[in-house]
Amino acid sequence: MEAFSKKDIIHIAASDFHTAFLTSEGEIYTTGSNESGQLGTNLAENSFFPEPVAALDTQIIIHVDCGQGHTVAVTDAGALASWGAAEFGQLGQREAVDVLTVAHPRILKGSRELHFVRVACGSSHTLALTGSGSVYSFGQGVFGALGHGNTESCSTPVLIDGLWGFGVVQIACGENHSLALSVDGQVFSWGWGKYGQLGHGSSNNEHNPLQVKALADQMIIQIVGGGDHTLALNNEKQVLAWGRGHWGQTGLGTLSDVHTPTQVHLPEGELVIQASAGVRHSVVFTESGKIFGWGDGEQGQLGRSAREKVQVSPFLISDANMNGLTASYIVAGGEHTFIVFQPCIKSSQDSMISEERLFSIQNGDLHGDGLRHVRVPELPSMLEGTGDNTKRLHSIGHAIEDIFSSIRFIVIAFKHQPSFWLNHMDTSNSSRKEYSDFGDHGLDVKSIRNVYQRILELRNPEILKKLGDSLIRLFMSIEKHMQNVPHSRWIRALLIGLQCPFVGEKGIGDMVSTRIFSVFSKLTFLDGRKITFWLSTYPRDIFGGRFVRGVLRYLSNRKEFTRSGSIPHDVAAALKTLWYLYEANKMEPHLLYSEFYSKEISESVDLLEEYLKWSHAKYDKDLNTLVSFCQVPFILSPQAKSKILQVEAEMIKNQVVQASILQHLSGNLFAFPFLVLRVRRDHLIQDTLVQLNVERIDYLKPLKVIFEGEEGIDQGGVTKEFFQLLCRELFNVDYGMFTYEEETRNFWFNPNSMESEETFELVGIILGLGIYNNVILDVHLPLVVYKKVLNIKPLLHDLNDLQPQLGKSLQQLLDYEGDVEETFSLTFQITYDYFGEMKTYDLQPGGGNVPVTNENREKYTELYVKYLLEDSIKDQFQSFNKGFQQVCGHHALQLFHYEELELLICGLPHFDFDALEKVTVYQGGYTKDTGVVKWFWELVKDMPLEEKKALLFFTTGNDRAPVGGLGCLPFIIQRNGGETDRI
């Protein structure tokens, strides 16, 4: 074609009666019928030579396609331009609804924001593909060609929901049927199916996209829509065809219709790299440079070498070298065919091709790309470059938008295994398998982190905004579709989004976070379990530094945590996300439980109101309805939980006191508002046991203690002394209830104790009363006791707080790589000391005859731990727990982590006397600036630890700080008499 002797044609679109040519400079030329204005030129009549579409001179066009009477193009900015027949809305122009034709190209309003990259035109309908893999359609809806579930026409682009989440990389149209190719190499078809052109094994029409199951085990890399037939090219470079066969256009050796994809057999050794189809003929271009064709050749569309008007099997149209030229790609129109050859680059003096375009041509980056699938940008490689030139940043910006707003591309971009679609010839079918089959999220966490970091390092506000906006669109789209599609399409995107450094930050980060958390809040139970497991597999720095702290930062930025008595949706969604992270942390401990505390929530919410809402509301354990922060107790600090427990205790005390007063007024002279214990110092355990066994209901009353024979009113000090003395006696090893482990300095239940169950019950009651009356107790029990109180099953590592050497030995047994039976010579029988006599215990029936082997050592260890921490002290602990639960077995106890429960009972082991100084109250004329007061604090802060503990014990009755630290103690300094300076 002489008209293009100085032009580089990189793409051709050809319909029945007109053709469009795209140059490397982004210009469009058209020729042929102009009956409906489809040429878009200033000429009113048909054109026999290519003419430029002058109306688009200010645009750079990157793709174009032709329908029967209309033409649609894509600009480099992602906008659509259309012209020609408009009767059925195939131009997508809202303003052209009542118009039959539009002769001059118009840009579709709002199309640029969607960033389109490809178009495909049927007879009277159009498909448009976005850079993020979404497909929109408009035009005639007859036979369901638009894929919207009906046969209605549409005059503006509408998203095809049935393709959401698949990541479409190519679209194609026949006359009245439509095709889409996913990034995973799967083909979808819909529309007219009379001749089997949909490939579903029938002649039915389909109103929604339906996967071509016959191709499910193949990786398809190109799809082609003929008039009423379809071609597909797989990664093994084989062509498959199906549909109407009346003119032999399927190339399968028959004139019959074919309803399922069937391989077209070319001469042996010929591998196809590109295919194209007209209304009644097909052509392919092979790796060797040859061109084969088949179908109707009556109009010469199969070339001069066609022997018959109808060719039912492939025959050679052109060899590898025609007149010294090498073919680059082929295009079949309605009843005509184009072969585009590589330009003869001997001298660039007569060429209009720019140097930059010449480089692209020589590297094969442009010619025929519009006929093939779109490749997902290799963002990591793009970010490896240097410099901040406008072109590079523009490309990176588009890549970020395409990847981070696409539910499928974002996963493909960060898979462990390189993908075919990232410019790699990876032909393994396993790359398409869902990683859920292996229990792994399958994402390259390091690559995700590096990409985010590289984007931040660009320090380009526009790029950062594109990233944020793309993620917002992504998660809005997920939230819209997640209930109607399998989770495998979108669930991994949650992990990628949560790793974004924007999470928890203000500005755009706040909006991104809100959208991500909103999706988390709507996960089903099964989806939640899967995401929890995946979260647990992340490295600690990402899990804690990015995930947990990101959510906590987001919460700290909230202006209000309650609104009209309820928790706002954004706060509730963030808490649900944090809950999944907390559960993941229990699976694989990355962080201390205390790193989930929200200081802002713990200190700002009305704890009484939260407790009341929690205790009265009916909610499910999956947090589908969040009515109180008490439902997510891991965010509350120990101090906040302690306050809630005290609120509960005060409420119960008030109820009991009021009931006692009413009973007393009703004539019951023995109804007192207090629990009064009268005890003798030398019979402390006996007196306490007798009174508490008689007056069980009185546990819930405020406690008052009277030592027989001693005057004084109990204002709290007497009660603290009572607990101090009673605990000292109960935990005295000579009493026989507890043993003392020197190595850990902890007490443990004596499995051989002769004491009654009531006495162990008393110990539990005492611990409960200590909590209930806000008294810190001087007890030293291992953490496993508090786990058991909270119904948490003990594990091997819990033995380290009791018998660390034994725990270490059992772990060595589990880790040993040699022959366990030969080396250790153990059986399922153990020995223990019973008052100086060694006795045996079978961990299972006949345990003395069962050797411990490599195969059963885990069972041995489990049974041994169970015996030591559960079975051997079963009666003692049950009695202890019974007493404790009688006093504290109310709602608030459920809020505590077992380590927090220890702090609640025993206080903190470290001291902040600066905090105590800040809250100290001065009386009797003293102030913080009084000389003796200053000397006091200087002396205290210089004291060694043991003297600090002694001072604390002297003033409070315990050498530990309360929950919340010394700053929570009521501490008063006053004169010791009116005329003295002594404290």
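Placed from the backbone N, Cα and C atoms, the Cβ positions cover glycine too.
According to TrEMBL, the protein carries these features:
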type: DOMAIN; residues: 695-983; note: domain 'HECT'
type: REPEAT; residues: 26-77; note: repeat 'RCC1'
type: REPEAT; residues: 78-132; note: repeat 'RCC1'
type: REPEAT; residues: 133-184; note: repeat 'RCC1'
type: REPEAT; residues: 185-236; note: repeat 'RCC1'
type: REPEAT; residues: 237-288; note: repeat 'RCC1'
type: REPEAT; residues: 289-343; note: repeat 'RCC1'
The correct DSSP tally for the repeat 'RCC1' (185-236) reads 3 helix, 23 strand, 26 coil
Predicted model, mean pLDDT over the repeat 'RCC1' (78-132): 93
Count the residues of the repeat 'RCC1' (237-288) that DSSP assigns to helix (H, G, I), to strand (E, B) and to coil, and report the three numbers in that order. 0 helix, 24 strand, 28 coil
For the repeat 'RCC1' (289-343), what are the DSSP-based totals of helix, strand and coil residues? 0 helix, 28 strand, 27 coil
